[in-house]
Amino acid sequence: MEGEINNFIKVWFSVLVCLSYCYAISKIVSKGPSRLLCVLPIVCIFLFLPFSLHTIDLGGTTAFFIAWLANFKLLMFAFGKGPLCSDPSISLGHLLLLLAFPIEKPKNTKNKSNPSPPISHLNGQNKENITSKQTKEGYISLLNYAIKCILMVIMFRVYDYGDQIHPKLILILYCFHIYFSLEIILAIVATLAQALVGLELEPQFNEPYLSTSLQDFWGRRWNLMVTSIVRVTVYNPTLSSMTRVVGHKWALLLAVFTTFVVSGLMHELIFYYMGRLRPTWEIMCFFLLHGFCLVVEIVLKKSFFTTGGRWRLPCLISGR
């Protein structure tokens, strides 16, 4: 274990050096193909660094952070996309945190030099009411995480009696276990980053167990930061390029399915880092199935539940 920790430190020191290089590149190389050529060696390094780690906790987390998220952010960064390029005066510390960790700045930040008026024209609330609401939401969020931590502890105790529990129930527990683990880990990382640099950060999850459809789950509730990244790096480019070939209607469906293909490949890669076993492609099939079903869902919604369609879809399901 001591050797694994030493490797972990070396890997993350290498990550910081590489990202410092990217920060320097951003100051001297303009966005576009030239910056992409400068960034591609770092992308390759980030793909190989996780092989230095062999535990699921350290290796899997590091692989997710740098081989997937950081690399996709670097591709966005190379072409001047995403929050990393929205602020030209971004500091090295902010850039390192935003690139190396699963955190993202809000897309619409308020200008502190131009404060909002006392009364909101959107909801008629004054500042005191808004502040009170935010404080209440903060307490609810803390309670939410506390409950999930307690449930995690209970799950670990339940696993001790796994041989006495129906296998299907164990699988359901695993689903909640993965969700709780991801949300708690990402929330801890985001909170530490917020405490270090004072960034106001976007939420990572939005109670995915309340999803009413696949579109609601993948687009509005599950791992929202990854959703926003693949939207910029995969969905938008595919939609833009294919619209000129097959038209907007079919390009939209192709972009959705392509996004799930890329997501499936990245999940296979992350699981390979963790187990170092030959891929079974079960995860890929899972994402292909969800991609196909989501395409069908979108087609049905547009055919039957749009303004000019036969029926009106309930707001609870449409999300509008």
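In case you wondered, yes, glycine gets a Cβ from its N, Cα and C as well.
Per TrEMBL, the feature transmembrane segment maps to 12-29 (among others).
The transmembrane segment annotation in TrEMBL covers 36-56 (among others).
Residues or ranges marked as transmembrane segment by TrEMBL: 62-79 (among others).
According to TrEMBL, the feature region 'Disordered' maps to 108-127.
If you look up TrEMBL, you'll see 139-159 (among others) marked as transmembrane segment.
The transmembrane segment annotation in TrEMBL covers 171-197 (among others).
Feature annotation from TrEMBL assigns domain 'Wax synthase' to 202-288.
The transmembrane segment annotation in TrEMBL covers 250-274 (among others). With a threshold of 8 Å between CB atoms, the same-chain residues lying at least 6 positions outside the transmembrane segment (250-274) that come near it are 50-51, 56, 59-60, 63-64, 67-68, 226, 230-231, 234-236, 238-239, 242-243, 281, 283-288, 290-292, 294-295, 298-299.
Residues annotated as transmembrane segment in TrEMBL: 280-300 (among others).
The list of residues near the transmembrane segment (36-56) in space but at least 6 beyond its ends in sequence, with Cβ under 8 angstroms from a Cβ of it, reads 4, 7-8, 10-11, 14-15, 18-19, 21-22, 25, 29, 62-63, 66-67, 70-71, 74-75, 77-79, 273-274, 276.
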